[in-house]
Amino acid sequence: MKRPAFCPKEDHNKEELKYFCKDCETPVCQICVTVEHGGHNIKLIKEGAERQKTEIKSFIEKQRHNLQAKMNAVSRLDEDCARITQQGEDVKREIQTFVDKLIAVIEANKKNIFTEVDKETSKSIESITRRKTEIERQMTAIKLSLEKAEKLFTRSTNAEIVQLKKSSDTIFEGVHQIEPTDCDPELVAQFVFVENYKLFNTVKTEQIGTLKKPTKASHCDIEGKGLEEGIALREAHFTLTTKDTEGRQCYNERDHVTVEIRDEQGRECTSEIQINDCKDGLYQVRYCPRHPVKCQVTVKVNGEHVRDSPFAVQVTPFQFKPVLSFGKVGSSKGILRLPWGVAVNAKDEIAVTDLGNQRVQIFNSEGNYLRSLGRSATKEGEFNFPTGITYHNNGNIFVADNDNGRIQIFSGKGKYVGTFGKGGSLDSRLSNSLRGLSVDSDGNIIVADSGNRLIKIFSPDGNFLTKIGKQGSLTNPVHCIQYERYLIVSDRRKHCIKVFDRKGNFQYKFGKKGGGNGELSSPCDLLVNKSGHLMVCDQGNHRIQVFELNGKFLGKFGKKGANLGEFNNPTSLAVLSNGQIVVCEAFNHLFIFLGVREPKKSLKKAQNGICSTELPASVLSLTSKQTGQYHSADNRLTNCLRLFFQPKNGMQASQFYFFSEKQESKEPLIKVFLVSRKFYGSTIKSTVNKLIKEEAERQKTEIKSFIEKQRHNLQAKINAVSRLDEECARLIQQGEDVKREIQTFIDNFIAVIEV
């Protein structure tokens with residue numbers, strides 16, 4: 001039975017707590033309500049208790065439900081744990097099954113490739129064994145022949161010696177006379193294991209790796225004029241084709257191709273050698289000789305010389321010769337007065353600033369007049385002393401309109417397009433002293449603003465981009481060209497060439513005032529030719545000079561004069577697609593086309609690949625023997641010897657004193673007869689006769705020489721057999737090494753899979 005609760009206050013006489021003050025959230029008695037909680041929200045405690053009981057019951061139910069839910073959740077988590085554990089085991093089994101299949105495929109491929117290694121090794125060893133057996137058979141034949149020959153030689157009389165020639169021919173008949181060479185590479189398997197790192201499907205279809213026969217340097221083909229001749233300062237080239245041991249074109253990305261070119265003193269004698277790997281077994285090689293010199297071109301693949309390497313190359317001097325000139329002083333179409341600038345487009349059309357006639361004229365590559373544009377004035381499309389000119393990649397022509405202080409733009413057909421340089425910011429404005437123009441690799445226009453002592457660069461539509469020459473680094477810039485990461489400027493008053501990077505930072509300079517090699521006087525236009533060399537219009541010295549980009553002097557051509565090949569103030573350069581150089585001469589009022597002077601041609605080679613004029617008679621004889629015919633140097637038939645042992649009627653063998661050679665036209669043989677004095681006097685007077693003793697001595701010498709050759713041949717074959725034995729051992733070791741490489745690769749592959 002529940003006891004009632006009483007008020008804890010002492011002066012309330014243990015009054016029962018019948019009420020609940022909601023404002024104070026506390027149970028109170030009747031006295032508390034009257035004295036302390038007047039005006040508060042008072043409820044009977046019983047009513048509040050019932051309400052709270054209901055709430056507590058509800059809360060208890062919720063918590064019981066929550067508890068059950070959590071118990072269920074724990075149960076599900078236990079189930080999830082069990083399921084995940086099982087799932088992990090299942091996945092592991094699936095992974096293991098997949099790995100087992102993958103390893104089975106790898107092992108199967110390993111077995112196949114091991115079989116291939118054994119097959120290739122056995123095949124080569126069988127070939128070598130057959131070759132060894134054949135050489136040993138030849139050795140046996142030589143030994144027997146030597147024994148017989150020496151026996152006959154030491155026991156024979158002079159007459160028998162003459163007849164012994166036939167015996168010796170019979171003895172050595174069938175003996176292999178050619179010395180054995182080192183083992184034929186066609187018989188020897190040389191291979192490496194090339195790993196295949198592709199995934200499972202690739203392994204299934206392409207195997208884990210392949211046996212690939214490596215590139216054989218001695219089988220590689222190499223051809224091109226750059227292996228025979230060269231011209232100083234001109235690009236030379238040749239092509240290398242890599243081939244395997246079977247002579248088939250092949251490509252291996254691990255092949256290392258090297259080319260070294262040195263002069264007779266062992267010094268490098270070319271610019272940077274460029275090797276273009278075509279990724280198909282072809283390698284295109286380019287180089288540029290610096291000086292006329294005899295050099296040696298060494299080409300190696302994987303450290304071994306290619307066939308016929310090294311090659312002897314004679315480099316002839318760099319010489320230009322006048323190919324064509326056109327122009328004379330005047331003002332009609334096609335006639336020039338003080339031509340200053342020149343430019344060439346992709347069609348080999350030549351645009352010229354005809355400064356004295358205030359126009360631009362355009363010619364074809366043969367010097368024929370095509371069209372002109374502009375006239376003397378200040379309006380759009382008109383000129384006041386045009387100087388620099390350049391073609392843009394889009395076909396437009398940019399012209400430096402000097403005294404008008406602007407750059408004018410025309411289409412390739414001569415239609416006016418636009419102008420820049422007159423207005424805008426201070427950087428955008430150009431002076432009234434403009435010189436050369438060029439286009440950089442980004443298509444921007446480079447302007448030599450000589451009056452402002454600056455090089456300015458504009459976009460193709462005339463927006464200023466940047467300038468070079470701040471802080472007085474240039475005094476009188478005449479031309480600027482961009483090549484690779486450099487900007488190259490001719491500084492006329494300083495008589496030198498200055499080089500900057502693309503950001504305008506000074507790098508270096510070369511040249512000084514003078515007339516010697518590498519010295520300059522008022523340098524003008526610049527050009528980098530097809531060989532990557534810098535050509536400079538050395539205007540004050542009336543010549544063209546050629547330099548490496550680092551400033552090293554390479555060559556020069558021209559001198560002051562009015563004759564063909566002479567210059568009078570050359571101002572600008574351009575290059576045609578065929579490599580010819582177009583030179584603009586201001587004071588000769590013309591253009592000169594310069595081409596390379598080709599070296600004298602060597603004698604044509606005969607069909608057999610050798611200059612016949614250089615062949616000695618012995619070589620001609622050797623060549624003829626190879627075709628099965630026998631010729632001497634004067635092409636007469638040389639007849640083989642044949643001995644007759646049967647004496648003529650009325651002759652006795654003891655009466656043989658003379659040796660007779662008789663040439664018969666019907667049968668190409670020199671017949672050797674043993675004749676008596678009687679038979680000689682009456683029968684054979686037209687033949688050449690010798691004493692048997694003399695002929696015997698001669699034949700002894702020949703037989704001795706032949707025996708020595710056979711002994712040398714025998715020793716060579718013994719050495720060859722020894723090399724073949726070594727090759728067999730090497731092949732066996734090679735097979736084992738390759739197998740170890742394969743097994744290592746497979747072990748590593750499986751280890752990665754297991755991880």
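Cβ atoms here come from the backbone N, Cα and C positions, even for glycine.
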Among ranges 106-158, 371-423, 424-476, 689-741, whichever one TrEMBL labels coiled coil: 689-741
Within the domain 'B box-type' (2-45), residues counted as helix, strand or coil by DSSP: 10 helix, 11 strand, 23 coil
Residue distribution over DSSP helix, strand and coil in the repeat 'NHL' (323-366): 3 helix, 22 strand, 19 coil
Remote residues contacting the repeat 'NHL' (370-413) - C-beta distance under 8 A, at least 6 residues beyond either end: 333, 340-345, 349, 351-355, 358-364, 419-422, 429-439, 443, 445, 447-448, 458, 460, 462, 479
